[in-house]
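*Asks:* Quick one: the structure is below, questions incoming.
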Amino acid sequence: MADDKKTNEYTVEMDKLDHGNKNFEAPAPAVRPRGPPAAQLANNPILPVLAYCGSSILMTVMNKYVLSGTDFNLNFFLLCVQSIVCIVAIQTCKSSKLITYRDFNSDEAKKWFPITLLLIGMIYTGSKALQYLSIPVYTIFKNLTIILIAYGEVLWFGGSVTGMTLFSFGLMVLSSIIAAWADIKHAVESSGDATAKVSTLNAGYIWMLINCLCTSSYVLGMRKRIKLTNFKDFDTMFYNNLLSIPVLLVLTFLMEDWSSANIARNFPPADRNGILFAMILSGLSSVFISYTSAWCVRVTSSTTYSMVGALNKLPIALSGLIFFDAPVTFPSVSAIVVGFISGIVYAVAKIKQSAKPKTGVLPMSNPPVSASSQSMRDSLRS
């Protein structure tokens with residue numbers, strides 16, 4: 001049928017010949033139509049980059065909104081709701097044939113369950129740290145996890161660290177010191193009970209330290225365990241969220257206060273709908289991050305994706321200044337800038353390592369990984 005159509009386009013109709021001049025002109029070849037606008041839009045590299053950055057900011061801001069309530073203490077319940085929302089969302093996408101992942105297998109679940117426990121420790125301590133710290137400080141301190149992961153790779157997987165990577169680590173530590181100093185300085189100089197504010201910050205720093213340890217343990221453990229399961233793309237997300245739901249349900253009912261008075265404090269009538277909506281949206285945002293990161297890698301490149309992950313630190317930190325009452329001072333802004341530069345230097349160091357021979361290069365930066373694995377690593381750092 002297509003061949004017939006092409007033939008007809010160049011057929012000369014005899015009754016249209018100019019018999020006087022004995023000349024004739026064939027109709028102009030038909031212009032090949034472009035792809036549909038939707039396909040062109042989907043392949044535009046700007047759109048997936050903006051979508052990835054937006055979903056990262058959305059997740060952080062929604063979590064902070066829920067946790068910033070003065071009396072919110074149902075962290076395990078929040079994480080459970082997010083896991084349930086995530087499972088419902090990806091299962092719906094699978095049923096609609098938008099994504100694919102393997103069906104549940106009990107043997108694979110047993111192999112993956114220890115990683116799920118590490119994940120629960122990571123997301124719980126992360127929620128506690130975000131509850132006590134501002135988004136900019138939380139984002140800056142999250143960079144320290146990169147250092148722990150890098151040296152974990154050196155110790156357990158025989159990797160190495162380049163000079164540029166070490167320089168980026170130094171900038172990360174410096175930005176964290178500046179951020180902590182700016183926070184404590186603002187707490188001491190501001191009106192109100194300075195001692196209570198400093199105590200709150202110290203609690204946040206302790207939770208942040210524990211979170212960095214849990215996050216690095218999770219990433220390193222997942223790297224080793226994934227060789228046994230050969231999980232791809234959304235497989236990891238499916239098992240992580242599915243296996244964490246029963247554990248989180250047990251923890252929330254055993255360790256958290258479910259009295260009517262405490263529920264009223266956590267979900268005041270005036271803000272109840274907004275809090276529940278934010279909890280659901282934060283669960284969906286984790287799906288958005290995985291999907292948009294895979295989209296970003298497919299449309300652009302892994303190099304561009306690495307740079308986007310580094311540049312994404314700045315808008316996430318700025319979102320805390322815009323949407324919440326994070327102090328805007330010269331030291332706090334300086335900490336954000338230094339942390340932003342450290343992320344760029346680290347991304348450039350990773351790109352240069354990837355361009356070199358594989359001998360003696362950190363495994364975390366050299367071997368190809370799936371888009372979901374890469375996005376998970378970056379989302380943990382954001």
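From the backbone N, Cα and C atoms, a Cβ is placed for every residue, glycine too.
Annotation comment: Swiss-Prot describes 1-40, 93-110, 152-160, 222-233, 296-303, 349-382 as topological domain 'Cytoplasmic', evidence class similarity to another entry. Among the features that Swiss-Prot reports, transmembrane segment is placed at 41-61, 72-92, 111-127, 135-151, 161-182, 201-221, 234-254, 275-295, 304-324, 328-348, with the record citing sequence analysis. Among the features that Swiss-Prot reports, topological domain 'Lumenal' is placed at 62-71, 128-134, 183-200, 255-274. Marked as region 'Disordered' by Swiss-Prot: 358-382. Residues or ranges marked as compositional bias 'Polar residues' by Swiss-Prot: 367-382.
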*Asks:* Is it true that the transmembrane segment (135-151) and the transmembrane segment (304-324) have 3 or more CB pairs under 8 Å, sequence gap of 6 or more?
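*Replies:* Answer yes: the transmembrane segment (135-151) meets the transmembrane segment (304-324) with 3 or more Cβ pairs below 8 Å.
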*Asks:* Any chance you could find the range in 41-61, 72-92, 328-348 with the most Cβ pairs under 8 Å to the transmembrane segment (161-182)?
*Replies:* 328-348
*Asks:* May I ask which of the stretches 111-127, 275-295, 328-348 has the most CB pairs under 8 A with the transmembrane segment (41-61)?
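*Replies:* Out of the listed stretches, 275-295 contacts the transmembrane segment (41-61) most.
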*Asks:* Which sequence-distant residues neighbour the transmembrane segment (304-324)? Criterion: at least 6 residues beyond either end, Cβ under 8 Å.
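*Replies:* Residues packing against the transmembrane segment (304-324) from afar: 45, 49, 52-53, 56-57, 60-61, 64-65, 68, 134-136, 138-140, 143, 293, 296-297, 336, 339-340, 343-344, 346-347, 350-351, 371, 374, 378, 381-382.
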*Asks:* When you look at the transmembrane segment (328-348) alongside the transmembrane segment (234-254), do they share 3+ Cβ pairs under 8 Å, ignoring any pair fewer than 6 residues apart in sequence?
*Replies:* no
*Asks:* With the transmembrane segment (72-92) as the reference, which stretch in 111-127, 201-221, 275-295 has the largest tally of C-beta pairs below 8 Å?
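*Replies:* Out of the listed stretches, 275-295 contacts the transmembrane segment (72-92) most.
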*Asks:* Per DSSP, how many helix, strand and coil residues does the topological domain 'Cytoplasmic' (93-110) have?
*Replies:* 8 helix, 0 strand, 10 coil
*Asks:* For the topological domain 'Lumenal' (255-274), find every same-chain residue at least 6 residues outside the stretch whose CB is under 8 Å from a CB in it, and list them.
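*Replies:* Tertiary neighbours of the topological domain 'Lumenal' (255-274) are 65, 69, 71-77.
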*Asks:* Quick test of the contact rule: Cβ under 8 Å, at least six residues beyond the ends. What residues does that give for the topological domain 'Lumenal' (62-71)?
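*Replies:* Those are 78, 127, 130-131, 135, 265-266, 271, 274-275, 278-279, 281-282, 285, 320, 323-324, in sequence order.
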